[in-house]
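S.K.: Sequence annotations record features per position, and here Swiss-Prot assigns adenosine binding site to Glu174, Asn254, Ser279, His280 based on similarity to another entry. If you look up Swiss-Prot, you'll see Cys78-Cys171 marked as disulfide bond, on the strength of sequence analysis. Residues annotated as N-linked glycosylation site in Swiss-Prot: Asn153, Asn163. Under the heading S-palmitoyl cysteine, Swiss-Prot lists Cys311. Under the heading topological domain 'Extracellular', Swiss-Prot lists 1-8, 68-78, 145-178, 260-267, citing similarity to another entry as support. The annotation topological domain 'Cytoplasmic' is assigned in Swiss-Prot to 34-43, 102-121, 204-235, 292-332. Annotation source Swiss-Prot lists transmembrane segment at 9-33, 44-67, 79-101, 122-144, 179-203, 236-259, 268-291, citing similarity to another entry.
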Amino acid sequence: MLLETQDALYVALELVIAALSVAGNVLVCAAVGTANTLQTPTNYFLVSLAAADVAVGLFAIPFAITISLGFCTDFYGCLFLACFVLVLTQSSIFSLLAVAVDRYLAICVPLRYKSLVTGTRARGVIAVLWVLAFGIGLTPFLGWNSKDSATNNCTEPWDGTTNESCCLVKCLFENVVPMSYMVYFNFFGCVLPPLLIMLVIYIKIFLVACRQLQRTELMDHSRTTLQREIHAAKSLAMIVGIFALCWLPVHAVNCVTLFQPAQGKNKPKWAMNMAILLSHANSVVNPIVYAYRNRDFRYTFHKIISRYLLCQADVKSGNGQAGVQPALGVGL
C-alpha cells in the first residue's frame, strides 16, 4: 500500500525520533551503570525514566505507526498496541514524581536524606511504580474500552464467520480506547494531579533553598552544597516542564474530541500527528538536558562514545576521573 505524502512524512519523523530516543537513553543507562559518581538514588529514577523512553523508541513508536495507518487486526491486539504507550507515559510521570520527592527530601531534610533515601529503597520504589503504571495503562482491558462499538463496525471476520470474537477492526486509537477513559481517568486522574504535585514540590524546594541561602551563618561548604542542590532541582524542574509541554497538546486534543464532538470529528489529521510527534519527541530531550546541565553525564557520555563507538583511548578529565560531585549536583 502506497502512503500519502502526509503519512510518509509522519512515519519518517517517527522513525528518526525512535532512533534518537533509543540511542540517547541507552547512553544514559550505560553512563549510570559505568560511572560510580552517577550511581545515586536520584539517577536510579532517571534510569527508570530512560528505560521508559527506550521502550517508546523500540515499541511505542512502531505501535503508533501501525495505529496511524489503520491496519485491520483483532480488537484486543489493537487495544494492546494503544495501551502500551499509556503504560510508558504513566511510568515516566511516576519516575518524575519520585525524582521531585527525592530532591525535596535532599533540600528540606538534608541531615536525614541519606538514611531515608538509599539505593535499595529507590529500586523498590521503582518496581512499585512500574507495577502501578502497568495497572493504570492496561485498565481498558478490564472493560473500559470500545469493544461493542468497534465490533459492530468490524470489517471482516478472521475465518469468514460472523463470530464477534474473531472480528477484525480498523486499528485506530479512538476505535478501541474511549475518550472518556483518556480524559477523565488518564488525564484528569493520572497525569494532571502528579504534574500539579510536582509543581508545588519544586516551588517549595526553591523557596526553602533561597531561604537557607539567605542565612548569613551558613558555612561556605554548606552554601556550596546547597547551590549544587538548587542547580540539580533546576535541571529536574526543566525536565518536568518539557514533559508537560510535550504531552499537554495531545491531551488537549483528546479533551476537544470528548467535549466538542463536532470539532473533534473534523480535526485535521496533521494536527493530531503533530501532537503525537511532540509527545514522542519528549523521549529524545532528557539525555540532551543531562549532557547540557551536568558535567559528570557529559564526561561519561563522551567517554562511552569515544571508547565503544570511535574506538579511541579513554578520555581524561582534568583530574583523571569522571567528575567528583554527585550527579545533577554539579554547576556548569
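Positions of Cβ are set from backbone N, Cα and C atoms, glycine also.
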S.K.: By CA distance, which of the recorded positions (Cys78, Cys171, Glu174, Asn254, His280) lies nearest to Cys311 (S-palmitoyl cysteine)?
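M.R.: Smallest Cα separation from Cys311 (S-palmitoyl cysteine) among Cys78, Cys171, Glu174, Asn254, His280: His280.
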S.K.: Compute all pairwise C-alpha distances among Glu174, Asn254, Ser279, His280, the residues listed as binding adenosine, and give the largest one in whole angstrom.
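M.R.: Output for adenosine binders Glu174, Asn254, Ser279, His280: max Cα distance 18 Å.
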S.K.: Give the three-state DSSP assignment (helix, strand or coil) for Cys78 (disulfide bond).
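M.R.: Note: Cys78 (disulfide bond) is helical by DSSP.
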S.K.: Which one is it: of the recorded positions Cys78, Cys311, which Cβ has the fewest other Cβ atoms within 10 Å in this structure?
M.R.: Cys311
S.K.: What does DSSP give as the helix, strand and coil breakdown of the topological domain 'Cytoplasmic' (34-43)?
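M.R.: Helix, strand and coil residues of the topological domain 'Cytoplasmic' (34-43) number 7 helix, 0 strand, 3 coil.
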S.K.: Once the DSSP letters are reduced so that anything not helix or strand counts as coil, what is His280 (adenosine binding site)?
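M.R.: Helix, per DSSP.
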S.K.: Round to the nearest Å and give the CA-to-CA distance linking Glu174 (adenosine binding site) with Cys78 (disulfide bond).
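M.R.: The separation of the Cα atoms works out to 11 Å.
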S.K.: Same chain only, please: residues at least 6 beyond the ends of the transmembrane segment (236-259) with a C-beta under 8 Å from a C-beta of the stretch. Say none if there are none.
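M.R.: Answer is 89, 92-93, 96, 99-100, 103, 174, 179-180, 182-183, 187, 191, 195, 198-199, 202, 267, 271-272, 274-276, 278-279, 281-282, 285-286, 289, 293, 328.
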S.K.: Going by DSSP, is Cys171 (disulfide bond) sitting in a helix, a strand, or coil?
M.R.: coil
S.K.: Just to verify a number: CA distance, Asn254 (adenosine binding site) to Cys78 (disulfide bond), in angstrom, no decimals.
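M.R.: Asn254 (adenosine binding site) and Cys78 (disulfide bond) have their Cα atoms 19 Å apart.
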S.K.: For Ser279 (adenosine binding site) and Cys78 (disulfide bond), determine the Cα separation and express it in whole Å.
M.R.: 20
S.K.: With pairs closer than 6 in sequence left out, are the transmembrane segment (268-291) and the transmembrane segment (9-33) joined by 3 or more CB pairs under 8 Å?
M.R.: yes
S.K.: What are the DSSP helix, strand and coil residue counts for the topological domain 'Cytoplasmic' (102-121)?
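M.R.: Counts, helix then strand then coil: 17 helix, 0 strand, 3 coil.
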S.K.: Within 10 Å of the Cβ of Asn254 (adenosine binding site), how many other Cβ atoms are there?
M.R.: 22
S.K.: For the topological domain 'Extracellular' (260-267), DSSP counts of helix, strand and coil?
M.R.: 5 helix, 0 strand, 3 coil
